[in-house]
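Single-structure report; data block below.
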Amino acid sequence: CVCAQSLAEQCRENLELHPCKEIFSDCRKALHDYLRRAPFSDYQNSMYFDRFLQWKMLERQPITKDTFRQYRVLGKGGFGEVCACQVRATGKMYACKKLEKKRIKKRKGESMALNEKQILEKVNSRFVVSLAYAYETKDALCLVLTLMNGGDLKFHIYSMGTPGFEKDRVQFYAAQICCGLDHLHQESIVYRDLKPENILLDDNGHIRISDLGLAIKVPEGDPIRGRVGTVGYMAPEVINNERYGMSPDWWGLGCLIYEMTAGRSPFRARKERVKREEVEKRVQEGEEEYSDKFTEDTQAICRVLLTKDPKQRLGCTTEGSTGVKAHCFFRNINFKRLEAGIQEPSFVPDPRAVYCKDVLDIEQFSTVKGVNLDQTDNDFYFKFSTGCVSIPWQHEVGELNGTSFPLLWPLLRGSLQWQSNTITQSPFLSLSTLQHPEVSIANSRVSSCSVNSVDSMSNSAP
């Protein structure tokens, strides 16, 4: 029809001018408007709708520690250990970030923990780690996240030979970080803690941004303020406690490109012991130095990202992330292929290597004393422990081959004993009737995993 042709032309035009995940929004809306009428009525009366309800009920099964097998400790978070785990029913491997209840309460970290969990649910990006499950045990709140076996950028920069990377590797990681920041910014979320420890590699050499504990949603037209981040990576406007929007993240990208190239951070030498006040003074007043490791375009992008005035900084003008991606530093990056996940990485981790500390080298947490939990705490735990997240769970089940499906049958038989009248009364019926073509079946929720120390205000040099 004429309408379909018009929408197709509009999509082609948008694809050329501004390729992003929203280019099909008008087509999707038109399709949903059509599907929510007669086709959806037919669907409700079919066997496929009954099967949909069964899968939704399976998706909503209670999640406990018995859902998983626990494996070795990978590292430490701000409130507890991070360990590898495996879903018993599917065999899928994840990282489990444990937030000790008493440690959260002692450090008044409830709002920070809940904020991270809610942001992880909201963001759906191949460049940000995904939240698959959230549950509680007697002693801890648990976030089950994407398992990133390739280690973090800090390990690769400083523990794999000569500090720093070759230019093509810097370009690839910087481009993926740029895409991750772009996806966060599209949701009005500023990350605020960009540093090598928080960038993780997967088995194939692709990276994801992790640890969203300091991320926050910025109200439209209402910049925020807050002196949070890691010393040496905080932007001048953050140090000065000025109002800001997304500008600190582009400063952080400049710091990362510099560090990946030079093998040291821009405002502090490797292992230099210096007071926080001195580092902040360097950030506010000093100029970074460029060695012969920096090509002309690498130096150029660092200078425009490390501009002290956020109004003049690359990424903070009206062009936004488009201006960053258009910089000559990224001339060899095909961002369309990168967004699709088909751009070949310049480095692939060795599957036989272990890119993290030995278990014996990971410092143990001390016991928290003098903290008692009460009903108010239980109310908070109820908000936090929401079970599985729809999109990652559906991907997990979708990855099963035919021989693995019998693993799920006991769950189906044990929990889905319903009659036709049960289906008729199901809350999913009204939910789907109201929202179906949006398929809020898969409420867009996603995630993050940091297997590193999360002391975001640490003064120690990398």
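First residue shown is number 1, and so on along the chain.
From the backbone N, Cα and C atoms, a Cβ is placed for every residue, glycine too.
Annotations in TrEMBL come from automatic prediction, not curation.
What TrEMBL records for this protein:
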{"type": "ACT_SITE", "residues": "Asp193", "note": "active site, proton acceptor"}
{"type": "BINDING", "residues": "Lys106", "note": "ATP binding site"}
{"type": "DOMAIN", "residues": "5-53", "note": "domain 'RGS'"}
{"type": "DOMAIN", "residues": "68-330", "note": "domain 'Protein kinase'"}
- Query: Rounded to an integer, what is the Cα-Cα distance in Å between Lys106 (ATP binding site) and the residue listed as 'active site, proton acceptor'?
  - Reply: 23
- Query: What are the DSSP helix/strand/coil residue counts across the domain 'RGS' (5-53)?
  - Reply: 38 helix, 0 strand, 11 coil
- Cβ neighbours of the residue listed as 'ATP binding site' where a neighbour is any other Cβ within 10 Å: 14
